[in-house]
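J.: Here it is, the structure in full.
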There are 2 protein chains.
Amino acid sequence: MASSPAKAGAHQNFYADYVIQFSYAGADPLGSSDELELLLRKLWEIGLQAEVRPGEDSNLLVFVRASRKRSLKRAVYQSRIRDWLHGVRSSEPEDESSAEPQTESERLRIINDMITLPHDVGGAGITPKHGQWKNVVAVFPLHDEVKNKEYLADWSKKTFLSEEDLDQIRDKFGESVGFYFAFLQSYFRFLLFPAAFGFSCWLLFGSFSTIYAVVNCLWGVIFIEYWKRQEEDLSCRWQTKGVSAVRHKRREFKPEREVQDQITGETRGVFPATTRLQRQLLQVPFALFSAVALGAIIATCFAIEIFISEIYTGPLKTYLVFIPTILLSALIPTMSGVLVSVATRLNDYENYETQTAYDAALTQKIFVINFITSYLPIFLTAFVYIPFASLIVPYLDVFHLTVRPFVSKEDATTIPTFTINPDRLRKQVIYFTVTAQAVGFAMETIVPFLKQRFAREYKEYKKKQTGRTNTGLEGETHDVPKNSYEDHEDEKQFLARVRKEADRDEYNVTDDLREMCIQFGYLALFSPVWPLVPVSFLINNWVELRSDFFKIVVDCKRPSPIRADTIGPWLDTLGFLSWVGSITSAALVYMFNTSADGPSGEPSAIKGWALLLTIFFAEHLYLIVRYVVQAAMAKFEPHSVRHEKTERYMIRKRYLESTLGARSSDDEEEVTPKDESIELSDITRKTLEEDARDWSRHGTNPEERFWMRQKGWRESAKVGSSIIKSQAAGTETKKQQ
Amino acid sequence: MASSPAKAGAHQNFYADYVIQFSYAGADPLGSSDELELLLRKLWEIGLQAEVRPGEDSNLLVFVRASRKRSLKRAVYQSRIRDWLHGVRSSEPEDESSAEPQTESERLRIINDMITLPHDVGGAGITPKHGQWKNVVAVFPLHDEVKNKEYLADWSKKTFLSEEDLDQIRDKFGESVGFYFAFLQSYFRFLLFPAAFGFSCWLLFGSFSTIYAVVNCLWGVIFIEYWKRQEEDLSCRWQTKGVSAVRHKRREFKPEREVQDQITGETRGVFPATTRLQRQLLQVPFALFSAVALGAIIATCFAIEIFISEIYTGPLKTYLVFIPTILLSALIPTMSGVLVSVATRLNDYENYETQTAYDAALTQKIFVINFITSYLPIFLTAFVYIPFASLIVPYLDVFHLTVRPFVSKEDATTIPTFTINPDRLRKQVIYFTVTAQAVGFAMETIVPFLKQRFAREYKEYKKKQTGRTNTGLEGETHDVPKNSYEDHEDEKQFLARVRKEADRDEYNVTDDLREMCIQFGYLALFSPVWPLVPVSFLINNWVELRSDFFKIVVDCKRPSPIRADTIGPWLDTLGFLSWVGSITSAALVYMFNTSADGPSGEPSAIKGWALLLTIFFAEHLYLIVRYVVQAAMAKFEPHSVRHEKTERYMIRKRYLESTLGARSSDDEEEVTPKDESIELSDITRKTLEEDARDWSRHGTNPEERFWMRQKGWRESAKVGSSIIKSQAAGTETKKQQ
């Protein structure tokens with residue numbers, strides 16, 4: 001069963017471009033049949049060939065193939081024209097007859113457009129899980145298993161992915177996934193420096209070294225600016241620059257009213273920006289509520305933990321210590337889940353017109369939740385617990401659990417001398433940057449893999465049982481299938497694989513990007529606490545890059561290619577984190593660099609004005625440096641950008657030359673006879689007088705006469721030089737006098 | 001002489017489009033004649049008509065007129081094609097034959113391009129004061145005196161300029177001047193609110209009111225964001241959006257080496273960005289030197305002033321008080337002049353490729369100087385003198401001039417009890433925002449006007465004297481001129497006016513913009529000191545708008561229209577000033593809001609940490625508010641922008657429809673006969689078996705066979721629905737069991 005690998009190339013997928021998963025579970029058979037018929041007709045109308053095969057669990061698999069060359073070519077051509085009109089392409093596309101998809105991702109993207117776009121822009125209008133297509137569960141391309149295995153094997157041997165590797169990812173999975181891997185690769189490459197530097201600092205200066213903090217901030221600025229340029233470079237290389245301008249309306253968009261456009265004459269749905277702004281104001285209470293809800297959980301668990309681990313001396317301490325951890329792991333995901341669903345609802349309510357705008361707004365909201373859950377615990381330790389512990393901690397014993405009931409009188413005197421645990425901060429940072437990363441990796445890659453495998457084995461086991469009863473009932477004519485919905489012998493293996501793929505989750509690149517941004521945040525915000533943070537991340541990200549690819553290939557459906565020219569709102573997030581990092585780094589270094597073991601823990605030892613002055617200078621220095629780095633980086637054009645500019649320049653030049661060429665030829669024809677033939681006789685008073693008489697006879701007005709005094713440029717030159725000469729003569733006479 | 005106004009319209013200017021001022025002073029007559037000949041030939045070649053007339057003081061006036069319709073049309077067409085290729089125009093320009101300049105400024109701009117652009121982009125390549133055209137002093141159009149007077153009279157009667165007024169300015173003087181007036185107008189309109197609010201605050205709370213400071217900052221943010229949108233709106237209205245993309249190389253650009261471009265095959269001059277960056281590093285010592293040099297002068301004069309006015313009690317105090325003012329007025333302009341010339345040299349050395357980049361860099365450098373000279377005095381008073389005076393002032397008496405020599409012993413004890421003058425800050429702010437503005441107005445508008453008038457009268461007086469001797473020598477045949485270079489009777493008045501105009505300065509819009517930005521700076525930075533600042537500016541700017549127009553019309557040559565889509569680097573300056581304003585306002589309010597008369601002057605009374613915390617919160621609140629305002633404002637599209645977008649959309653739609661229309665027709669033709677004709681007989685086991693035999697006979701591979709099982713979408717639908725039905729039947733049977 002496992003042997004006999006599929007043939008190379010597209011053949012292993014039986015030329016199938018897309019698979020549409022159609023579910024008929026729960027629905028009445030008649031309605032489902034009608035919907036299926038409509039689906040197939042729509043596909044046929046748009047020029048796609050379809051084959052229906054049974055799937056698993058009340059699913060049908062509709063295999064789609066762009067077999068009609070002309071329809072595909074037309075779709076490609078249309079997409080390119082659209083790109084060209086939006087300025088994504090610099091050159092007008094060639095003729096329709098020669099329009100061929102250049103990459104696999106372009107082919108898949110265009111077929112996906114053919115399937116999903118509304119009819120008026122040239123698609124079949126099939127919208128999975130939406131509107132009349134509620135039974136269409138998914139539309140997905142099939143994995144190219146041979147290539148995938150090749151890449152995985154190749155990458156596990158090398159440190160850096162080459163540009164060609166990134167191009168291949170992009171060719172297989174589209175630009176948005178390509179950008180994620182390119183980002184991960186750039187980030188990984190850039191981490192080498194802080195990892196080496198951090199390690200040296202850790203050896204030489206230990207934690208909280210000023211120089212490490214400064215270099216780390218600077219590195220962050222340079223990395224972000226570098227990535228911006230890299231993004232631009234890639235978007236030129238992948239020809240997706242400005243692709244966000246080609247936007248399709250969100251299907252869920254609900255216009256408030258229909259307005260007839262005065263210019264285009266179309267009626268279009270309008271949702272006033274003011275109404276949206278009012279709805280967006282709900283974000284403020286939402287952010288506050290999130291902060292309070294999550295903050296309260298975190299702060300409470302934190303307080304309980306400190307109380308139990310450092311004050312409490314009663315019975316069961318060994319077990320009670322785990323209470324806050326259990327509480328945290330139970331409450332935070334629950335609360336986050338609730339908040340994310342609230343955020344999604346809010347976002348739906350804000351009713352964005354385009355998917356890009358919707359995603360950006362949702363990203364922003366989710367980032368608020370992530371920011372709190374990820375960084376608040378460390379913030380609490382660094383800026384509340386350590387400086388103010390001796391003030392706050394005595395109040396933690398609100399239930400008076402500590403002293404009275406359990407402790408004998410002679411011990412009572414020792415309780416109040418509470419000392420803070422200066423190692424706590426470092427331990428926490430190490431937890432978040434090493435342990436949590438490893439746990440995250442397991443949860444994200446290994447767990448789904450195992451889960452899937454078990455689910456599949458369970459299914460197979462169940463099927464076998466049902467199958468056995470079936471085989472008992474019917475015959476065994478296996479060479480010719482007994483009816484249209486049993487697998488043919490030569491398709492069996494293929495269909496089994498497709499059914500497996502149909503069963504997988506959909507890949508979401510945003511989650512992976514978010515993970516990386518949150519990771520960058522730890523580096524920017526807290527790495528001075530423990531300079532080995534970048535070393536840990538370096539190792540983690542080497543694995544991450546491969547495991548994320550593994551995840552796409554093994555755990556997920558193949559994603560439909562989506563074009564992108566940026567990693568989107570996450571770029572702003574990185575900039576924001578780096579900025580906040582300049583503040584926290586300065587504060588951490590100021591507060592903890594005083595002695596070898598950290599500050600005494602007394603709030604009086606930290607001078608408020610000095611701390612604030614440090615922050616003030618650090619932040620503004622950061623902003624100035626960022627400005628300078630931005631200005632300097634702007635001077636260097638990435639290779640592809642220059643290339644693209646030159647191309648645009650060439651188009652312009654050709655166009656202009658064609659108009660200029662026409663010009664010089666007919667210019668001569670027009671002017672030459674008139675001007676060259678002028679008699680350049682001497683301009684005497686006589687000729688001038690003649691002119692004057694001439695004009696008065698013709699009755700021209702002075703304005704016209706003004707332009708008639710000198711005939712042609714030669715006469716003007718003559719007049720001019722005579723003025724010059726006479727003036728020169730005049731000055732000479734004067735001089736002589 | 002003064003009566004008989006010129007005829008309406010262009011006639012008053014004798015149809016002259018441009019005047020080229022050609023100087024032959026100092027040069028040898030032969031060389032000058034040759035250059036003049038070349039100039040006239042070039043003009044003729046490009047299709048412009050020229051007439052030479054004598055000017056004043058060894059100048060020739062070459063009148064230029066685009067009389068040949070075809071040349072002008074071609075130039076207009078070329079310019080529009082260039083715009084279209086750069087994306088400035090959204091629609092492809094119509095045919096060359098119908099290309100007419102739409103506005104006066106377009107006509108003048110295109111003729112200016114014809115004169116000044118290099119030959120390879122279709123111009124005559126005449127570059128005033130540069131290269132081989134050293135003798136060409138100026139190229140300028142002539143004022144439209146009738147209209148100018150009309151506008152001045154009209155505007156003096158109304159408060160706000162209408163959009164049409166701005167359009168008229170743009171039509172006469174081009175977009176860059178248009179943008180300045182539009183900015184001034186928006187700023188003036190926006191000042192109404194802070195003027196009213198400031199006046200109320202002044203009545204109700206006096207100086208340093210928190211609410212005024214907050215409102216003022218918020219107003220600044222909104223104003224800047226509003227202006228950004230306004231700018232976008234105007235650039236769409238005036239069709240100059242993205243015009244900075246159409247750039248011509250700076251003539252002064254010196255390439256380091258010639259490089260042959262691999263794609264275009266052209267050799268082009270290259271100046272590496274790294275070299276330029278290195279050269280730009282010189283800005284750092286320059287900025288430091290400027291700060292130290294100007295700072296030292298200002299601080300010294302300030303110290304002397306305080307010493308004399310508030311400590312010194314010796315003789316001649318009444319006169320000595322003026323020393324620092326005299327020193328300041330003498331030293332600051334001198335030092336500024338030196339620094340500006342250094343900045344210009346630095347900028348030349350940085351060797352920018354385009355004029356836009358050059359101007360932006362120079363603006364930045366000059367802004368540093370302006371910032372120091374304009375705001376440092378107030379900074380010193382507010383943040384050094386008042387908080388630290390009692391610490392610093394005793395040291396001011398370095399020369400021991402005060403006590404010992406002049407004061408009798410009984411007075412000596414009273415000297416050390418120095419009290420700061422809390423009113424000083426307000427007085428200074430009033431000086432800079434009222435007195436200095438009025439003085440600036442006078443220096444900028446009235447003085448040049450009077451100077452010019454006196455110079456002209458002196459010239460006339462002198463000419464009369466020379467004229468008298470001349471008339472004495474020669475005859476009096478005045479009806480027919482005695483030689484080609486004496487004015488004709490009907491041109492006399494016109495030529496006299498042109499000679500006057502040739503004598504005027506060139507108008508520089510950057511200086512006026514800088515003045516406004518510096519003014520905005522006072523408002524943003526220091527207005528909480530004296531809430532009447534906006535009232536003063538409101539009045540000042542009403543006058544400013546008119547007087548600036550008066551200045552252009554009466555004191556300056558008419559500027560050649562320059563296209564622009566923004567006020568350029570000043571926009572960033574405004575943003576920067578507003579940001580700094582959030583810091584200074586917070587600091588001022590914290591420091592001086594404690595008591596009614598300002599702080600006690602003791603540095604201990606101001607708590608460092610509280611001050612810094614105030615600043616920290618104020619600044620970050622400012623940044624958040626700015627972010628929110630930006631996000632909110634981005635939602636509203638200005639009218640012209642929406643209009644332009646719709647236009648672009650229409651072009652796209654038309655284009656797409658033409659490809660889609662072709663599509664639907666030949667799609668049917670291709671597919672219909674093949675698919676519709678399928679016999680939809682029952683799919684029995686027999687037909688399937690037949691199919692299987694068929695294929696095995698033809699020897700197709702399994703991949704191809706996969707796509708042949710279902711013929712057409714109807715068969716697929718049938719298969720699908722039979723699967724659905726059988727499944728449904730299966731579940732029913734199960735249920736029954």
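Including glycine, each Cβ sits where the backbone N, Cα and C put it.
On a predicted model such as this, the values are computed, not experimentally measured, just so you know.
Quick paste of what TrEMBL says about this protein:
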type     : residues  : note
COMPBIAS : A:671-701 : compositional bias 'Basic and acidic residues'
DOMAIN   : A:16-136  : domain 'Anoctamin alpha-beta plait'
DOMAIN   : A:169-647 : domain 'Anoctamin transmembrane'
REGION   : A:662-701 : region 'Disordered'
REGION   : A:714-737 : region 'Disordered'
TRANSMEM : A:177-197 : transmembrane segment
TRANSMEM : A:203-227 : transmembrane segment
TRANSMEM : A:286-308 : transmembrane segment
TRANSMEM : A:320-346 : transmembrane segment
TRANSMEM : A:367-396 : transmembrane segment
TRANSMEM : A:429-450 : transmembrane segment
TRANSMEM : A:567-589 : transmembrane segment
TRANSMEM : A:609-629 : transmembrane segment
J.: Which range out of A:177-197, A:203-227, A:286-308, A:367-396, A:567-589 gives the transmembrane segment (A:429-450) the most CB pairs under 8 Å?
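T.: Most contacts with the transmembrane segment (A:429-450): A:367-396.
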J.: Counting only residues 6+ away from its ends, which parts of the chain sit with a Cβ under 8 Å from the transmembrane segment (A:567-589)?
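T.: Those are 179-180, 183, 208-210, 213, 216-217, 220-221, 224, 227-228, 231, 356, 359-360, 363-364, 367, 382-383, 513-514, 516-517, 520-521, 523-529, 611, 614-615, 617-619, 621-623, in sequence order.
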J.: Let me spell it out: take the transmembrane segment (A:609-629), skip the flanking residues so only those 6+ beyond its ends count, and list any with a Cβ under 8 Å from a Cβ in it.
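T.: 217-218, 221-222, 225, 579, 582-583, 585-587, 589-591.
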J.: So if I exclude everything within five residues of the ends of the transmembrane segment (A:320-346), which remaining residues of that chain have a CB under 8 angstroms from its CBs? That is, six or more out.
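T.: That would be 279, 282-283, 286, 290, 293-294, 297-298, 300-302, 304-305, 308-309, 312, 362, 365-366, 369, 373.
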J.: Just give the helix, strand and coil counts over the domain 'Anoctamin alpha-beta plait' (A:16-136), going by DSSP.
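T.: Across the domain 'Anoctamin alpha-beta plait' (A:16-136), the residues distribute as 57 helix, 20 strand, 44 coil.
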